[in-house]
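What Swiss-Prot records for this protein is below:
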| type | residues | note |
| --- | --- | --- |
| ACT_SITE | LYS282 | active site |
| ACT_SITE | ARG356 | active site |
| BINDING | LYS270, ASP275, ASP293, GLU354 | Mn(2+) 2 binding site |
| BINDING | ASP275, ASP352, GLU354 | Mn(2+) 1 binding site |
Amino acid sequence: MEFSVKSGSPEKQRSACIVVGVFEPRRLSPIAEQLDKISDGYISALLRRGELEGKPGQTLLLHHVPNVLSERILLIGCGKERELDERQYKQVIQKTINTLNDTGSMEAVCFLTELHVKGRNNYWKVRQAVETAKETLYSFDQLKTNKSEPRRPLRKMVFNVPTRRELTSGERAIQHGLAIAAGIKAAKDLGNMPPNICNAAYLASQARQLADSYSKNVITRVIGEQQMKELGMHSYLAVGQGSQNESLMSVIEYKGNASEDARPIVLVGKGLTFDSGGISIKPSEGMDEMKYDMCGAAAVYGVMRMVAELQLPVNVIGVLAGCENMPGGRAYRPGDVLTTMSGQTVEVLNTDAEGRLVLCDVLTYVERFEPEAVIDVATLTGACVIALGHHITGLMANHNPLAHELIAASEQSGDRAWRLPLGDEYQEQLESNFADMANIGGRPGGAITAGCFLSRFTRKYNWAHLDIAGTAWRSGKAKGATGRPVALLAQFLLNRAGFNGEE
């Protein structure tokens, strides 16, 4: 699908369709008023007859409006004008894309980007429109033999901006939006792949392909079990012992800043390509969704793709911690004591708390990069789902400025996160009689004690932890990976690179 920006009046558009907004109660947006004036009150007459109230999600498709060059005008209900916020704006864009696609409009000029969204500029509105459009049209049908496609799918979308001065920021918004959307799609595709295809070797192959596609700035190294053993990553290795698939750690290095003192930002993604729970096996109901336990790695992969596509002037390292947690004769057990790469020992009380056992060794491994900051992304705890539900990602950090940066990026991108505490009193729940710590701390504050566990391996750098257990995928009829938190991390890195979205 092709996107572009232009600045022009609606009466001069020869597009197949013009999209304009209508507010409650039957109030035309400024652009719709212009079209109404040109058409000698044709549109307002329809509204007076009760054809459209302007409620969110309502649509009315008009054909051959008098004195208008475009074949059709699509009126979209936007709710009450003063209540048009970020969430409602994206819902309006989503409804627009679906309606255009369903009605066979192959191209359209959209004036919704001229609507006032409180606290948001034209760059934000255009970029969010691009990201929302790509999200709306996403489907995962690679494994289906009968692929359903619209007869006349939407192919071209033009977003209008008020003045020519805003064309440059609009074009940049499209560039950024397309790169972020491509990263989200890549993460979703990986997450939706079945575990018999997407194992650690598959993740490694995708990481290598990324380096091949962006060979100027990207290098990928894959570390196998033998090298992990030599490095002392016994905790990581223990988790994968029960699986016939080899554990593989893929390290993707992007260099966008050649300065010697430019330290990298490291992103670590939990990549459990299937989590049965191991010996502490999960209930069978919903176990198929444990293919999504690698969504942290998928998100990191998507972010690395975005960074490489935009050639951001920052150094970023992405680590995909690929592994599979299966029961078997060689599987690790409750009661085992593992020696981590850091030298600290861990008593295993539950083999289904495996993500932290993989991550702790990776968090030690990345010390060698002398990072500016480390952010791990993991579907880590069901407790985070209980705490925050499926709308907001859990955030913990040992460095307040880093946490504030991530929260700000989450608000900018609409990919929201909420900070949880890492108090010393929670650390006491991890005490063990037989090792330096246990791998679980009981039910109270489970998301926080998991973060506390990881914090013991991050004392040498600034670190943040994103628990995406509630936000990485949807269940039910709309089951599928969401691609979160690619947008959040993309915004964080854009901000670091100086592209903060200000016009």
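Quick reminder: no glycine exception, Cβ is built from N, Cα and C everywhere.
As the structure is a computational prediction, the values presented were derived from the model and not from experiment.
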How many Å lie between the Cα of ASP275 (Mn(2+) 2 binding site) and the Cα of ASP352 (Mn(2+) 1 binding site)?
8
Which of the three DSSP states, helix, strand or coil, fits LYS282 (active site)?
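Its secondary structure by DSSP: coil.
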Tell me the Cα distance separating LYS270 (Mn(2+) 2 binding site) from LYS282 (active site), rounded to the nearest angstrom.
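Rounded to a whole number, the Cα-Cα distance is 19 Å.
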Would you count the other C-beta atoms found within 10 angstroms of the C-beta of ARG356 (active site) for me?
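For ARG356 (active site), the 10 Å Cβ neighbour count is 27.
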Hey, how far is ASP293 (Mn(2+) 2 binding site) from ASP352 (Mn(2+) 1 binding site), Cα to Cα, in Å?
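Given the Cα positions, ASP293 (Mn(2+) 2 binding site) is 12 Å from ASP352 (Mn(2+) 1 binding site).
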Far apart in sequence but close in space: which same-chain residues, 6 or more away, have a Cβ under 8 Å from LYS270 (Mn(2+) 2 binding site)?
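Long-range Cβ contacts: ASP293, MET294, GLY296, ALA297, ALA321, GLY355, VAL358, LEU359, ASP376, VAL377, ALA378, THR379, LEU380.
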Quick check: with LYS270, ASP275, ASP293, GLU354 left out, which same-chain residues have Cβ atoms within 8 Å of the centroid of the Mn(2+) 2 site Cβ atoms?
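The surrounding set, listed in chain order, is VAL239, LEU272, MET290, MET294, CYS323, ASN325, GLY355, VAL358, ALA378, THR379.
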Is it possible to get the count of other C-beta atoms within 10 angstroms of the C-beta of ASP352 (Mn(2+) 1 binding site)?
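Within a 10 Å radius of the Cβ of ASP352 (Mn(2+) 1 binding site) lie 19 other Cβ atoms.
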If you skip the near sequence neighbours and keep only those at least six away, which residues in the chain come within under 8 angstroms of GLU354 (Mn(2+) 2 binding site), Cβ to Cβ?
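Listed in sequence order: VAL239, LEU272, ASP275, GLY278, CYS323, ASN325.
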Taking the center of the Cβ atoms of ASP275, ASP352, GLU354 at the recorded Mn(2+) 1 site, which other residues in this chain have a Cβ no more than 8 Å from that point?
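Same chain, not in ASP275, ASP352, GLU354, Cβ within 8 Å: VAL239, LEU272, SER276, GLY277, GLY278, SER280, LYS282, MET290, ASP293, ASN325, THR351, ALA353, GLY355.
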What is the Cβ neighbour count of ASP275 (Mn(2+) 2 binding site) at a 10 Å cut-off, with all protein chains included?
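ASP275 (Mn(2+) 2 binding site): 26 neighbouring Cβ atoms within 10 Å.
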I need the least crowded one of these recorded positions (LYS282, ASP293), counting other C-beta atoms within 10 angstroms of each C-beta.
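If we count Cβ atoms within 10 Å for the recorded positions LYS282, ASP293, the smallest count is at LYS282.
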With H, G and I counted as helix, E and B as strand and the rest as coil, say where DSSP puts ASP275 (Mn(2+) 2 binding site).
strand
Three-state secondary structure of ARG356 (active site) from DSSP?
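Helix, per DSSP.
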